[in-house]
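Per TrEMBL, the features are as follows:
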{"type": "COMPBIAS", "residues": "41-50", "note": "compositional bias 'Polar residues'"}
{"type": "DOMAIN", "residues": "98-508", "note": "domain 'Amino acid transporter transmembrane'"}
{"type": "REGION", "residues": "1-50", "note": "region 'Disordered'"}
{"type": "TRANSMEM", "residues": "140-157", "note": "transmembrane segment"}
{"type": "TRANSMEM", "residues": "177-200", "note": "transmembrane segment"}
{"type": "TRANSMEM", "residues": "225-241", "note": "transmembrane segment"}
{"type": "TRANSMEM", "residues": "248-268", "note": "transmembrane segment"}
{"type": "TRANSMEM", "residues": "288-306", "note": "transmembrane segment"}
{"type": "TRANSMEM", "residues": "337-358", "note": "transmembrane segment"}
{"type": "TRANSMEM", "residues": "378-402", "note": "transmembrane segment"}
{"type": "TRANSMEM", "residues": "423-444", "note": "transmembrane segment"}
{"type": "TRANSMEM", "residues": "450-473", "note": "transmembrane segment"}
{"type": "TRANSMEM", "residues": "485-509", "note": "transmembrane segment"}
Amino acid sequence: MDERPETELISIPATPRDSTPEVLTPSGQRSPRPQSKEGGKSSNGWTPTSFISPRFLSPIGTPMKKVLVNMKGYLEEVGHLTKLNPQDAWLPITESRNGNAHYAAFHNLNAGVGFQALVLPVAFSFLGWSWGIISLTIAYIWQLYTLWILVQLHEAIPGKRYNRYLELAEAAFGNRLGAWLSIFPTAYLSAGTATALILVGGETMKLFFEIVCGPLCTSNPLTTVEWYLVFTFLCIVLSQLPNLNSIAGLSLVGAITAIFYSTMVWLLSVSQQRPPNISYDPIALPSFTSSVFSAFNALGIIAFAFRGHNLVLEIQSTMPSTFKHPAHVPMWKGAKVAYFFIAMCLFPVAIGGFWAYGNQMPPSGILNALFGFHQHDISRGLLATTFLLVVFSCLSSFQIYSMPVFDNFEASYTHRTNRPCSVWVRSGFRVVYAFINFFIGVALPFLSSLAGLLGGLTLPVTFAYPCFMWVLLKKPAKYSFNWYFNWSLGWLGVAFSVAFTIGGIWSIVDNGLKLKFFKPS
């Protein structure tokens, strides 16, 4: 009889309704846990039903054949021999595995639509109509393909689930190179985005207060930094939800508010009279070099609009997976719905915003343009509602982008102590993390305006690495179309990353770091 690794075998549960053995986690959720057995090595291709093949069944009598076929169906329903890490039952991302296609849609939409969509018209002001629409369309299709790749690679090797982007990168590139390539961009997309959300959320709360309070307000208003602090406290309260599945309701709120405020922003903009002397030609710059670097920076802004791929594997890891019902099926269903709505948000904001403001679009984006050009033309109620929806969306996005950072901390803690984090340890870290982001935001208030640079630095996570991972893990036939296509896309993504990063740095130097996402009145 074949010997199996002790981490590969899962015992059949006592009741048929339970698909995998479960353990009660610190937060009260249920999560699968492996059952240990003694054994040695086995091939990666072995599955619990691989021996029940037509060739195996052919010489066996009918009664015995029925028994084996029924056992095969049961094992397929129960699940496959996944190599599970016992510590996964203690960590926020994998603590609960009861996710579904609805949760996937909520999380992907909440992560995919955010403040970065509001600066898309800025990119159009440097690219013009034709190149702006072409670039946005190509980027959307490209990232949709790499999203599909990541969903398929979640269980690329039978018996192994890659629950985090870092794990997949290490499997494809090797432990050292994979960590070196993926840690910085994914860390920025998590922690850096959280810092930018504090800046955007705090500034928006300040504008909301000014609109609601109106000219008759006599109270002493809070300063911008104090509004950052208020927003940080709200983030801390919501961050006490224990794991990724527990914030599905928040992601739903974030998804709904993102759809509504994106729609309201471009509808309110196109319904008003356009500014005088508006032009739709790309902004003229004094030299050819400046024009090229500005175009690269604009393309980096478009690339940054499609963030969220660093969370795809984490979202998929919250779902149960069996041979009969693999996790990639509900994940892809939810992702398709989410990215349909993402397209319905990004394209109208970019096109409608550029039509409404043209070359007079401020560097801070369409929300600032709406407030600056039409604060006296639009009712205070509509403006206040729009800004409030932005605040709700930022609060929700903060939670999902911070979850990988929470997971990394708790993984380090459980690895050293061999026990789950207590409620106090978990809460204490999340408080410290939020205040670290707050202090970074205060020290670097221009961080949220560096969309072009940040888009270039983090572009490989979305556009390049997944293509390389597909070739290295799936191993398509050498020199086949699949092989050439993915290698070409990957290296093209790396080249774009370098060019967009240079364009972003040039934009910062050229503007003397005077950019700011909002300009308070």
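Any Cβ shown, glycine's included, is placed from N, Cα and C.
Nobody curates TrEMBL annotations by hand; they come from automatic prediction.
By the count of Cβ pairs under 8 Å, the stretch nearest in packing to the transmembrane segment (423-444) among 140-157, 177-200, 248-268, 337-358, 485-509 is 177-200.
Where the transmembrane segment (450-473) meets the stretches 177-200, 225-241, 248-268, 337-358, the count of C-beta pairs under 8 angstroms peaks at 177-200. Sequence-distant contacts of the transmembrane segment (140-157), counting only residues of its own chain at least 6 positions beyond either end whose CB sits under 8 Å from a CB of the stretch, comprise 44, 165, 168, 171, 306, 309, 312-313, 316-317, 321, 326-328, 331-332, 335, 339, 343, 346, 462-463, 466-467, 469-470, 473-474, 489. Sequence-distant contacts of the transmembrane segment (288-306), counting only residues of its own chain at least 6 positions beyond either end whose CB sits under 8 Å from a CB of the stretch, comprise 112, 116-117, 119-120, 122-127, 131-132, 135-136, 139-140, 143, 282, 346, 451-456, 458-459, 462-463, 496, 499-504, 506-507, 510. Here the transmembrane segment (337-358) has long-range neighbours at 101, 104-109, 112-113, 117-118, 120-121, 123-125, 129, 132-133, 136, 140, 144, 147, 255, 258-259, 262-263, 265-267, 269-270, 272, 274-275, 278-280, 305, 365-366, 369, 373, meaning same-chain residues at least 6 beyond its ends whose C-beta is under 8 angstroms from one of its own. Most Cβ pairs under 8 Å to the transmembrane segment (225-241), among the stretches 177-200, 378-402, 485-509, belong to 378-402. Away from its own ends, the transmembrane segment (485-509) comes close to residues 142, 145, 290, 292-300, 303, 450, 452-457, 459-460, 463-465, 467-468, 470-471, 476, 515 of its chain (Cβ-Cβ under 8 Å, at least six residues beyond either end).
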